[in-house]
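To start, the structure itself, in structure tokens.
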Amino acid sequence: MSDLTKPVLTAIGVISGTSMDGIDVSVVESDGREELRFGPGASYPYPAQTRSDLQALIAEPERALDDPLAELEVAVTGAHLDAVRRFIAEQGLDPKEIDLVGLHGQTVYHRPDLRFTRQLIDGPAVARALGIPTIDRFRHADIAAGGEGAPLAPLYHRALAHGLEQPLMVLNLGGVGNITYIDGETVIAFDTGPASAILDDFMLRRLGKPFDADGALAASGRVHEELVSAFMANPFFDRPAPKSLDRNDFHRRAKVVEALSDADGAATLAAFTVESVVAALRHVPKQPKRWLVTGGGRLNQHFMTRFRERLGVPVETVESAGWAGDVIEAQTFGYLAIRSLKGLPLSLPGTTGVPAPLSGGRLNLPKD
Ligand SMILES: Nc1ncnc2c1ncn2[C@@H]1O[C@H](COP(=O)(O)OP(=O)(O)OP(=O)(O)O)[C@@H](O)[C@H]1O
Ligand SMILES: CC(=O)N[C@H]1[C@@H]2OC[C@@H](O2)[C@@H](O)[C@@H]1O[C@H](C)C(=O)O
């Protein structure tokens with residue numbers, strides 16, 4: 001095992017996001033503060049059976065409250081282990097040079113109001129199998145302290161944004177949307193509302209497709225403005241930050257588009273997402289000078305066009321700042337693993353609502 005007390009560590013970060021499209025893996029080198037270099041990243045799909053078992057669980061996620069989900073956790077952990085092994089082999093990395101692996105795991109149910117969050121991953125098993133220390137359970141300490149437990153990417157966004165013009169808004173369009181507002185020492189973050197997940201579920205239901213490629217269907221439809229207004233009347237959008245969401249929080253309400261055509265339904269759901277992002281401006285002190293968009297939703301041209309029309313300041317993908325949009329979340333959990341090991345905060349009052357800056361994560365040594 002390497003010397004974990006050295007100032008700069010090399011970590012592999014691993015996450016499977018709420019859209020469950022696969023496992024993202026990336027490598028970062030950092031002192032846990034501003035010093036930051038990132039290497040390659042890659043994504044590995046779940047085995048089909050694991051993915052469909054996860055999808056079945058997500059349809060009734062409250063099961064996670066009293067079911068240990070042991071079998072599914074073994075499958076998810078195995079898929080993570082395979083992904084890390086493949087990544088190390090494909091990238092020609094020397095396992096001895098990897099100090100730490102940060103394992104976010106697969107979120108299956110997130111209910112901060114119940115002080116409950118569940119990510120499937122067995123960090124100790126991965127540490128033993130790889131012979132490398134791992135960090136898992138990134139959200140637990142935050143939730144236990146009364147925080148939202150999410151989003152956790154903001155402190156990584158702050159490190160990336162060092163030296164860029166501010167105030168800067170980073171928007172992650174994953175299954176759920178979340179923003180990080182960065183203005184010097186001020187960091188404000190929260191989940192904005194639905195993003196890709198409601199549109200993905202609609203596409204699957206209506207057309208058997210996993211998502212609306214490039215936003216083409218949404219762009220071809222007509223927005224049902226009354227439904228958008230009714231949706232935006234939800235008190236969530238006025239609720240001050242911090243706030244976080246479960247993947248399925250808006251699904252029942254989004255079913256109101258059921259009577260619309262495929263194109264109009266997609267256009268209306270996309271408009272929900274766009275308006276919920278615009279509503280984020282209610283909860284930040286200044287107008288951002290620039291928005292940088294990450295997450296799979298940045299590839300949806302329709303979203304990007306509508307944001308540019310609605311936000312009135314430059315809106316670009318994170319690639320325009322040299323960041324790697326496909327693996328930024330994996331990098332996040334590599335960086336946060338290093339911070340966890342050093343006892344540095346993973347969340348702040350402005351990012352998750354914890355009473356004071358708080359560290360977290362569980363360290364699993366290979367020989368425990
Ligand atoms: N070419 C594309 N056109 C339109 N949408 C796309 C495209 N590629 C990906 N997406 C959208 O991005 C989604 C995946 O985004 P991402 O990988 O950021 O989600 P995630 O990391 O699982 O979510 P979260 O951040 O909520 O955990 C897909 O489900 C799809 O909706
Ligand atoms: C509980 C959970 O897994 N939340 C995810 C999800 O996906 C996007 C948004 O909702 C964000 O809150 C979070 O992920 C990112 C990586 C975060 O913690 O910053």
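Every residue gets a Cβ built from N, Cα and C, even glycine.
Just so you know, TrEMBL annotations never went through curation; they're auto-generated.
Mapped onto three states, the DSSP output places Thr18 (ATP binding site) in coil. If you look up TrEMBL, you'll see Gly17, Thr18, Ser19, Met20, Asp21, Gly22, Ile23, Asp24 marked as ATP binding site.
Taking the mean position of the Cβ atoms of Gly17, Thr18, Ser19, Met20, Asp21, Gly22, Ile23, Asp24 as the ATP site, the remaining same-chain residues with a Cβ inside 8 Å of that point are Ile15, Ser16, Ser43, Tyr46, Gln106. Under the three-state DSSP scheme, Asp24 (ATP binding site) falls in the strand class. Checked against ligand 1, the binding-site residues Gly17, Thr18, Ser19, Gly22 give Gly17, Thr18, Ser19 as the ones with a Cβ under 6 Å from it, listed in sequence order.
A count of other CB atoms within 10 A of each Cβ picks out Gly17 as the most crowded of the binding-site residues Gly17, Gly22.
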